[in-house]
Amino acid sequence: MMEILRGSPALSAFRINKLLARFQAANLQVHNIYAEYVHFADLNAPLNDSEQAQLTRLLQYGPALSSHTPAGKLLLVTPRPGTISPWSSKATDIAHNCGLQQVDRLERGVAYYIEASTLTAEQWRQVAAELHDRMMETVFPSLTDAEKLFIHHQPAPVSSVDLLGEGRQALIDANLRLGLALAEDEIDYLQEAFTKLGRNPNDIELYMFAQANSEHCRHKIFNADWIIDGKPQPKSLFKMIKNTFETTPDYVLSAYKDNAAVMEGSAVGRYFADHNTGRYDFHQEPAHILMKVETHNHPTAISPWPGAATGSGGEIRDEGATGRGAKPKAGLVGFSVSNLRIPGFEQPWEEDFGKPERIVTALDIMTEGPLGGAAFNNEFGRPALTGYFRTYEEKVNSHNGEELRGYHKPIMLAGGIGNIRADHVQKGEIVVGAKLIVLGGPAMNIGLGGGAASSMASGQSDADLDFASVQRDNPEMERRCQEVIDRCWQLGDANPILFIHDVGAGGLSNAMPELVSDGGRGGKFELRDILSDEPGMSPLEIWCNESQERYVLAVAADQLPLFDELCKRERAPYAVIGDATEEQHLSLHDNHFDNQPIDLPLDVLLGKTPKMTRDVQTLKAKGDALNRADITIADAVNRVLHLPTVAEKTFLVTIGDRTVTGMVARDQMVGPWQVPVADCAVTTASLDSYYGEAMSIGERAPVALLDFAASARLAVGEALTNIAATQIGDIKRIKLSANWMAAAGHPGEDAGLYDAVKAVGEELCPQLGLTIPVGKDSMSMKTRWQEGNEQREMTSPLSLVISAFARVEDVRHTLTPQLSTEDNALLLIDLGKGHNALGATALAQVYRQLGDKPADVRDVAQLKGFYDAMQALVAARKLLAWHDRSDGGLLVTLAEMAFAGHCGVQVDIAALGDDHLAALFNEELGGVIQVRAEDRDAVEALLAQYGLADCVHYLGQALAGDRFVITANDQTVFSESRTTLRVWWAETTWQMQRLRDNPQCADQEHEAKANDADPGLNVKLSFDINEDIAAPYIATGARPKVAVLREQGGNSHVEMAAAFHRAGFDAIDVHMSDLLGGRIGLGNFHALVACGGFSYGDVLGAGEGWAKSILFNPRVRDEFETFFHRPQTLALGVCNGCQMMSNLRELIPGSELWPRFVRNHSDRFEARFSLVEVTQSPSLLLQGMVGSQMPIAVSHGEGRVEVRDDAHLAALESKGLVALRYVDNFGKVTETYPANPNGSPNGITAVTTENGRVTIMMPHPERVFRTVANSWHPENWGEDSPWMRIFRNARKQLG
């Protein structure tokens, strides 16, 4: 039976206004819209009055429900029938954890009530199309239609293909019907194999073969034999990549054979809880570094949010499934798309060439895709710390003559680093009889065909198969699985995981054969043991679907009880679905039909399938010389600063958590003005050291339109000039991921790909001492469509994205582009040696040209000398700032440095030649260093020692003020105010934020950037930062116990425990399942801290599901109430823990006036480094800090204080319960965005109880308790930041 319950309003006023404006623009006469959430409960038994009241209360969250009956025509938007939304999975979990077992499933829709003039049926269809994502949702005309969401079908049997009766044609028909993308020789191979077996194949076997042997999974082109211009080539592409490892194997521990590569890290104290006692402590051991970079291009073109989200999620799983289990740590994200054409903000170079109906626009991708990628990283609890963004779409004269080149099929890049124990780098042995396990969520009918679909050019497959390729993300489930993996690797030698892979393309049909085959075994499986939420699925759908957040593992049978215990504690679902066998054979039994859908020798599936041969021709690009007749430097500056590739990326940065883990030493945002210009990302290796890891990206794809090899060399060079900003040492410590995107089969592209791989794998990397131990390829970067009567194609440039990874010697020595105005000198290191080529530059692009001669690596020895010189200068602390030269050239390098330093620049470019346009806008390798004036001679001498004398040019200096002046021989070349340039540079991010977020907030942020008087972040302390007030108490040896409380989806508990540990506490890991299961009580604890994260993925209100699981469980409710009433206890709630505790007001004495925390005013997750002041309040944790003003990490989507009315706010203030407020950089309490990131009244961001024993706050002091973890800080701070005082206050209060 289904029950319908109304929910809160679904859209803020500005979202409704945006919808109305879209309808008006489409000439749809819609006058008013009201939208509210509607909940549908699928019940297996009726609820009594108490249970009904509980369910009703559970579904009350967010803004207050409208009391009026909505008017207008109803359009109900729900998930597509036959799918289960991530919201549904999490909400159902909450209901069950609150004891409502009668609820089989909760689902949510949005009821739109539309008041409109008379509309035709077609116009109503247009209205409906604006309200939903056709790939994921459907529209019903009535609420009761939602019953279709809960219809269960009978299981479907396996289907056989009559190969023996119909011959080869049966396979050809199945290939088309199932979208298998099989090549002719593969059809021949299958015909021969099954004829030998003497039986017909089942559809599931063909599908499994197609996924396991797709280009996406098997990388056939990279393993192919090559004939170029009639000459056989000596090596495959992959062999040339492997040559880098054969030449420079140094520091590599694992390459080419696992889900990620591994290199040597540093010996540090890894901080985690003991399995038996729950007590956190440091464990001194090597923290080796793993690295992986994936792409998820096809799904992102079809449905950007889930496409990008599952792209990030899949890469995170690759990291976790490395060796015998590892820990993902920090991420990177990148996008290449066609021109944005922002409505009302179209740029002169952005022609509309049309697109296929089935893919979304570049603007849609960049609106939704980054949000999806960020949301997954945020909810999983991994900071995303670097990235890139390129737009390109133009008709150019390239290798194949004049044609359309661009990214209608986008690049969505997802990568990152992690850590792994030394003894877990290599996978173990799968013993015969080992249990074969699926860890993670249930099978669902989603993502079918992802591997094969990704291997086709967009436009080749059937639209229904595109629907089938759309995936669904549930990062909170993946976090639970990762917690299980963490518990396993933390057991060291007792780790129960023998072997692990992630489930990606092809689902279990790819993952399980790969698992047993890699382990040298076979497998015997039972289909019906696979967890499934949809009983009507066929065997093919159960075995081959790509439900996300799953891993496959081999666990020894005697270790199963331990594994079961770990999974239950973390509430991570798992199923034992088979056993490892001696014989390398794969069998899948189906209990329901008592038949055998799969019965194959593994070598048929994964054996010597036909090897590809690429017989291709070389084409040379001619290009056209740049026509510069109408180009002025002033206009060029304006245009280039508006090119999205160059322009400010704040709209892509602040949506992503950049502080979780407490180990982020360098994020994108630089300096007191938080400008997103960092060259690389840096993390600390642990919470007790200054060793670390660095990541950077290099990518110069448009150059490939003129010179394939040069483009590849520049990508490597740019990654190197970016990562050189931190202290690494030996260049051999740097390891690269190479991600290759090409339109294989397009004239000239295959030979160009070979040239590019050879240039990097056989030449440049070996010469530099660089290794490429990991990478990925995507070989179908083309879209086809009909535009009127014309057949069109959009082909991407050959695109190599290089991600560089390295161990860092001392993270404190990382340089940024932030200029200093002390007596200084700016020096250009020009690795282009005066070539100043303008082909395929940003300058050429904004004037709709390509040019003829591009930049290149001019001298490999000098590139190596540059890196070595930078390392010497970084180690000697001789540099004040560094920024590489890349898109936009020297002009942009200097401008971004001035933006970061909020200062002026006076430079002279006479030494760079007479062609000022080329000097300022060429994109040759190199960059600008800033040195102290007195160090200039010594620095130039050192650069000369490294062979760079002819590359170094003195430019001028940074000055206080607002003028950005470029001269040549004292003649002005360009002069403008830095503020004007900053505003131009920011306009793209402003317009994107206006479109995507609350436009009022976007306007306020843009206005703030234009304020030259802004002093930037600053610090005022009312206490001595160097005083350790906890030291006398630590000296007694007594360590009070703090319960570090987490719920499923939590993610800030480790750094929280470390902060309390440093202050003299014994931090104990306490999961809510421990309390609900009665394994642990709160009676033995002196302090309680509820940590941040996304409990239940913020479903049913941030923190509210967590709170209600306490309030609706009588025994646990009593535990908390007793704790809060006990004298001599302390409690802290941070972020998600703050939201949770604010919903426990009925249990906490003196908290009656506390507010609720609701959706940010921007309607967006906000990750900021915000200035707060400590106000006078009873809070025991903030004693002695009153009046202090300092920045703190902020990461939340629902942090806005909501009070009932003005009287409630006045009472909260008059009682003095406000503990922290947001202030602007002038020290004034603010409600203005982004200084106040959520719009809370009076800047309120922390409150306390009347006795001060319980304090709750939205910002994260635990993430910045170490100075090194602050995005910016005064140079005189030591190891501890001022926020460490909170934790020491806690220790002092407990005596």
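Heads up, the Cβ atoms here are built off N, Cα and C, so glycines get one too.
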Among Asp502, Asp884, Asp887, Asp908, which is the one Swiss-Prot gives for the Mg(2+) site where Asp679, Glu718, Asn722 also bind? Asp884
With Swiss-Prot as the source, which of 305-327, 581-603 is set down as region 'Disordered'? 305-327
Per-residue pLDDT averaged over the domain 'Glutamine amidotransferase type-1' (1041-1295), given as an integer: 97
Counts of helix, strand and coil residues, the region 'Disordered' (305-327), according to DSSP: 16 helix, 1 strand, 6 coil
Quick one: which residues besides Asp679, Glu718, Asn722, Asp884 have a Cβ within 8 Å of the Mg(2+) site's Cβ centroid, in sequence order? Cys680, Ser696, Gly698, Ala719, Leu720, Thr721, Ile723, Ala724, Ala725, His883, Ser886, Gly927
Provide, as an integer number of angstrom, the distance between the C-alpha atoms of Asn722 (Mg(2+) binding site) and Ala678 (ATP binding site). 9
Determine, to the nearest whole angstrom, how far the Cα atom of Asp679 (Mg(2+) binding site) is from the Cα atom of Thr386 (ATP binding site). 8
Looking at the binding-site residues listed here (Gly307, Thr310, Ile316, Asp884), whose Cα lies nearest to that of His1260 (active site)? Ile316
Taking just the CA atoms, what is the gap between Gly307 (ATP binding site) and Cys1135 (active site, nucleophile) in Å? 28
Around Thr310 (ATP binding site), which residues of its chain at least 6 apart sit with Cβ under 8 Å of its Cβ? His296, Pro299, Phe376, Gly447, Gln471, Arg472, Asp473, Gln548
So what sits near Glu1262 (active site) in its own chain, CB-to-CB under 8 Å and at least six residues off in sequence? Gly662, Ser1052, Glu1055, Met1056, Ala1058, Ala1059, Cys1091, Val1134, Trp1283, Phe1287
By CA distance, which of the recorded positions (Gly313, Ile316, Thr386, Cys1135) lies nearest to Asp884 (Mg(2+) binding site)? Thr386
Cα-Cα distance linking Gly313 (ATP binding site) and Cys1135 (active site, nucleophile), given in Å to the nearest integer: 23
Cα separation, Glu718 (Mg(2+) binding site) to Gly313 (ATP binding site) (Å, whole number): 27
